[in-house]
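Below you'll find the structure, written out as structure tokens, and then a few comments.
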Amino acid sequence: MSLADLQVRSLGEARYDSPLAEYVAHRATNAYYVAEDDRVLIDDTISLLASRGDVPLDEVPSYEPGGPRRKIFFDPATTKAGIVTCGGLCPGLNDVIRALVLELFEHYGVTDVTGFRNGYAGLAPGQAPDPIELTPSFVQSIAERGGTVLGSSRGSQEVGVMVDTLVDRGIDILFVIGGDGSMRGAHAIHEEIARRELSIAVVGVPKTIDNDIPLIGTSFGFQTAYAKAAESIKAARVESDAAVGGVAVVKVMGRHAGFVACYSALAYQDADFVLIPEVPFSLDGENGLLAQLAKRVSERGSAVIVLAEGAGQDLIPASRRTDASGNQVLGDFSGLLRARIARDFKDRGMPLTLRHFDPGYLIRSVPADAADSVYCTRLAQVAVHAAMAGRTDIVVGRPRHRFAHVPIEEVTKRTQRVNPDGDLWLSVMESTGQPFTMH
Ligand SMILES: Nc1ncnc2c1ncn2[C@@H]1O[C@H](COP(=O)(O)OP(=O)(O)OP(=O)(O)O)[C@@H](O)[C@H]1O
Ligand SMILES: O=P(O)(O)OC[C@H]1O[C@](O)(CO)[C@@H](O)[C@@H]1O
């Protein structure tokens, strides 16, 4: 694996003493890693990888550590910040908004924070309701509910128009909470800002319940989401165990990445088969899924299949994966699978009670659990420290268990997938007992 040196952009030289300067000075003398020059290799990453001989020292990524800086770029007294949430929902969005606002107000003394409504549409005049003023009292209780108080959207907006809005409103810092598409948008906004030679920081807090954004560690809300999906799998197990020839199909989100399916299936080890987009399989044939399923039901009396929504797409006729305009869409493999199971059990003369569970939107609309809420708070704090220090065109994340700044372009270059040869998939195989190949 060749790992890039992750160059972080900054708006310019830090000019003001940070309100947290005293704490930073204290930390610099006690730090696990030396943060004095704001650009260091993470010590434990180097020693771990180098000691294992996995990666040559010069290929270890140099993430810039997250955290407060002694000097900052923006004057808190005059700084105006904006927050926008884009893309699909994810547990913890309100937690991130809340923590951004509290950190800005309470630790930096920034008192002007605008919440743009309905995603990037809120940055295009006339496309969304007026922005709202975000204050500590407004955000105090918002994390009790799922979703986002700001609203979200997926529409397409002119980058130049969005930057015009930032300029018109005097915004110095834009926080973008969203998925890979939103981060591409954030990078495009940064490019336009740079082209106009403006000093506006763009900092992303990556969001995806699919956990498919690379280099950031686990994404916030992911744990809450798979825990919710695991409840459906547990229910599916109970239902199928109590039925004659009980088979349950639990469809979970995951268009291109099967992380939700893997983790939710591992949670209570209630699944017999996990199907993910990264691992192809056949329905027919001696080792195909249908034969394996019949075998499992004969032996155990029931079976639970956890299906990531993007799995099995290659088994659906192309015409059912294309919309009226010719665009590729997600085909209904769950429907096809259930039809094939019904036919197969009938052909085999086996009794069947087939149940379908679709936790779908439920898993992403719930509030964050305590662990995710903590994670959201810490990510938001790191995002505020980064922005106040003038970092731009970055996202915050926790690669290798260290909060860090990662250039936006690095996280949007590729998407993270379950490695079919990796230890997560091995755990799934061990837990379910399904064969490594089903062809
Ligand atoms: N290259 C780009 N330039 C400008 N805006 C973009 C770009 N790519 C995506 N966007 C905008 O980002 C917003 C969110 O994108 P998208 O719908 O892909 O969701 P997402 O952030 O990937 O979240 P999810 O993970 O839920 O899909 C949309 O408003 C979209 O127009
Ligand atoms: O229905 P929506 O909002 O377009 O979102 C569905 C998609 O969003 C995600 O939750 C996140 O990208 C996917 O797992 C899912 O396919």
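Heads up, the Cβ atoms here are built off N, Cα and C, so glycines get one too.
Together with THR208, ILE209, ASP210, MET253, GLY254, ARG255, TYR361, LEU362, ILE363, ARG364, TrEMBL lists one candidate of GLU133, GLU144, GLU309, GLU430 for binding substrate, that being GLU309.
For the ATP site, TrEMBL gives ARG154, GLY155, GLY179, ASP180, GLY181, SER182; the one candidate out of GLY82, GLY88, GLY246 that the record lists there too is GLY88. Distance from the CA of GLY155 (ATP binding site) to the CA of GLY254 (substrate binding site) is 21 Å. Note: GLY181 (ATP binding site) has non-local neighbours CYS86, GLY87, ARG154, i.e. same-chain residues 6+ apart with C-beta under 8 A of its own C-beta. The predicted model assigns the domain 'Phosphofructokinase' (81-386) a mean pLDDT of 97. For ligand 1, no neighbouring binding-site residues occur among GLY254, GLU309, LEU362, ARG364, by Cβ distance under 6 Å. For ligand 2, the recorded positions lying close by, meaning a CB under 6 A from one of its atoms, are GLY88, ASP210; the full candidate list was GLY88, SER182, ASP210.
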